[in-house]
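Engineer: I am attaching a structure below and will ask some questions about it afterwards.
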Amino acid sequence: MSFNILSVIGLGYIGLPTAAIFASRGKQVIGVDVNPQAVATINRGEIHIVEPDLDHVVQTAVQQGNFSARTTPVAADAFLIAVPTPFMGDHQPDLSYVKAAALSIAPVLKKGDLVILESTSPVGTTEQMADWLADARPDLRFPQHEAEQPDIFIAYCPERVLPGHIMAELIKNDRVIGGMTPACSARASELYRIFLEGACVETNARTAEMCKLTENSFRDVNIAFANELSLICAEQQINVWELIRLANRHPRVNILQPGPGVGGHCIAVDPWFIVAQNPQQARLIRTAREVNDAKPHWVLDQVKRTLADCLIASGKRASDITIACFGLAFKPNIDDLRESPAMEVAQLIARWHSGTNWVVEPHVKSLPQKLTGLATLVSLEQALAEADVLVMLVDHQVFRDIDSTAIAQPWRVDTRGVWQ
Ligand SMILES: NC(=O)c1ccc[n+]([C@@H]2O[C@H](COP(=O)([O-])OP(=O)(O)OC[C@H]3O[C@@H](n4cnc5c(N)ncnc54)[C@H](O)[C@@H]3O)[C@@H](O)[C@H]2O)c1
Ligand SMILES: CC(=O)N[C@@H]1[C@@H](OP(=O)(O)OP(=O)(O)OC[C@H]2O[C@@H](n3ccc(=O)[nH]c3=O)[C@H](O)[C@@H]2O)O[C@H](CO)[C@@H](O)[C@@H]1O
């Protein structure tokens, strides 16, 4: 059975590029999103998120009539669900979006359809989703009972693209295919082979769910190691950047880079799904989260110490001092400020410091609401010329290009090793 019509549920950072890529391969794609503004934007051939090279793929697909968006699902041969999976206040996963998406497609499912969950999910979510669908459609057979030939094929296929490189990685990365049965995996692999140049590696749904969580937890633990080293090195008066460079000369050592903390929508969230389900066993994973989450507060302490030194040396009052933060994005060379540790540090500083607070962020035109009234967006040149204390938070290339030997201010906190 071939896939004539595909439907992608959730048209954000994952769903929109995925829908557009399928459409670019000549498939008829119906995108579904509960956000009517996003739907309207997409139907104009425009995009509501920022991702390099996505705009022209969406524009072409819409203009050629292969891709359209709507707010409610209609019949299709395959459904890919890419809705948010945040955690709640107590770090427990919030599966309400997955449930709502599953229940929204249940009425339009027909025999032979494939349903793929792409959202990053705790182990067992795919089985749970199949139960929700089975409850909603008692007239169809679902793959919970392996002996039976199911009417609906269900798989968990996580996405591992790197924001900023989504359009290339979507096609080139290997893909983990976690079917609820081998037949489900085979059907899902067939779907992804429409555009995938990487390999489809088949497993079961639970392993695929854990694989996605493992990848991001691995990175979180390794960044926590680097962040912990930065705290130790500050105590020992050792340059952590030099230390890591030296240690990485060992053929089997590859330490990541410390920073102001871990941001983004994935690495600071997904490890909690493992911790929530395995609180006794996941001690290292929990500690890594705690180490990384604590880093912005440690940076604030560093700024407080630096300001104290500045006040003693300059004889100025704190209210006369200007602190300039360099960067707000959650990582270098992007404009995404959501879940950014740099934003958190800038806010902590601005709430605490009684003098003037400046921010330099060449990737945005205005400050986000969280900093409105607390800080002022200024140019790189103004900050370098006039600020008293400089706080480097994001290693954007434009900051790396500054000749650090030409910077006059001795009062600096460098969380990214840019001025070392
Ligand atoms: N952004 C990434 O880099 C990335 C990478 C890999 C995996 N993921 C995972 O993919 C999933 C989606 O992430 P994202 O970054 O695309 O999120 P996003 O917030 O950018 O997009 C999700 C979209 O789903 C829509 N939505 C919510 N409920 C819906 C429903 N019931 N029906 C239809 N649409 C609905 C929202 O309006 C939104 O447009 C998450 O589980 C995330 O953890 C994200
Ligand atoms: C395993 C993996 O690679 N997963 C990727 C990750 O994408 P991401 O964009 O969120 O990941 P990063 O680039 O690692 O950034 C995260 C934060 O960590 C900080 N950081 C990073 C490296 C370092 O040495 N020191 C640091 O401090 C950085 O500044 C930023 O705040 O999750 C996506 C969704 O699941 C995946 O799809 C994607 O493959």
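Glycine is treated like the rest: Cβ placed from N, Cα and C.
Quick caveat, the model's predicted, so the values are computed rather than measured.
Annotation source TrEMBL lists NAD(+) binding site at Tyr13, Ile14, Asp33, Thr85, Thr126, Arg338. Annotation source TrEMBL lists UDP-N-acetyl-alpha-D-mannosaminouronate binding site at Arg160, Val161, Lys212, Asn216, Arg219, His250, Arg252, Gly263, Phe330, Lys331, Arg416. Taken from TrEMBL, the feature active site, proton donor/acceptor applies to Lys212. Taken from TrEMBL, the feature active site, nucleophile covers Cys266. The domain 'UDP-glucose/GDP-mannose dehydrogenase C-terminal' annotation in TrEMBL covers 324-420.
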Engineer: Which one is it, among the binding-site residues Tyr13, Thr85, Thr126, Arg338, that lies nearest to Arg416 (UDP-N-acetyl-alpha-D-mannosaminouronate binding site) by Cα separation?
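Structural biologist: Ranked by Cα distance from Arg416 (UDP-N-acetyl-alpha-D-mannosaminouronate binding site), first place goes to Arg338.
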Engineer: Tell me which of the binding-site residues Lys212, Arg219, Arg252, Phe330 ends up closest to Ile14 (NAD(+) binding site) in space, Cα to Cα.
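Structural biologist: With Cα distances computed to Ile14 (NAD(+) binding site), the winner among Lys212, Arg219, Arg252, Phe330 is Lys212.
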Engineer: If we count other C-beta atoms within 10 Å, could you say which of the recorded positions Ile14, Cys266 has the fewest?
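Structural biologist: Sparsest of the recorded positions Ile14, Cys266 by Cβ contacts within 10 Å: Cys266.
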Engineer: Pop the Cα-Cα gap between Cys266 (active site, nucleophile) and Arg252 (UDP-N-acetyl-alpha-D-mannosaminouronate binding site) into the table, whole Å please.
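Structural biologist: A Cα-Cα distance of 27 Å.
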Engineer: Thr85 (NAD(+) binding site): which of the recorded positions Arg160, Lys212, Cys266, Phe330 is the nearest Cα neighbour?
Structural biologist: Cys266
Engineer: Across all protein chains in the structure, which of the binding-site residues Thr85, Thr126 has the highest Cβ count within 10 Å?
Structural biologist: Thr126
Engineer: List those of the binding-site residues Thr85, Thr126, Arg160 whose Cβ lies under 6 Å from any atom of ligand 2, in sequence order, or write none if there are none.
Structural biologist: Arg160
Engineer: If you measure from the Cα of Lys212 (UDP-N-acetyl-alpha-D-mannosaminouronate binding site), which of the recorded positions Tyr13, Asp33, Thr126, Cys266, Arg338 is the nearest?
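Structural biologist: When the Cα distances are compared, Cys266 comes out closest.
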Engineer: Here are some binding-site residues: Arg160, Arg219, Arg252, Arg416. Which one has the most Cβ atoms within 10 Å of its Cβ?
Structural biologist: Arg416
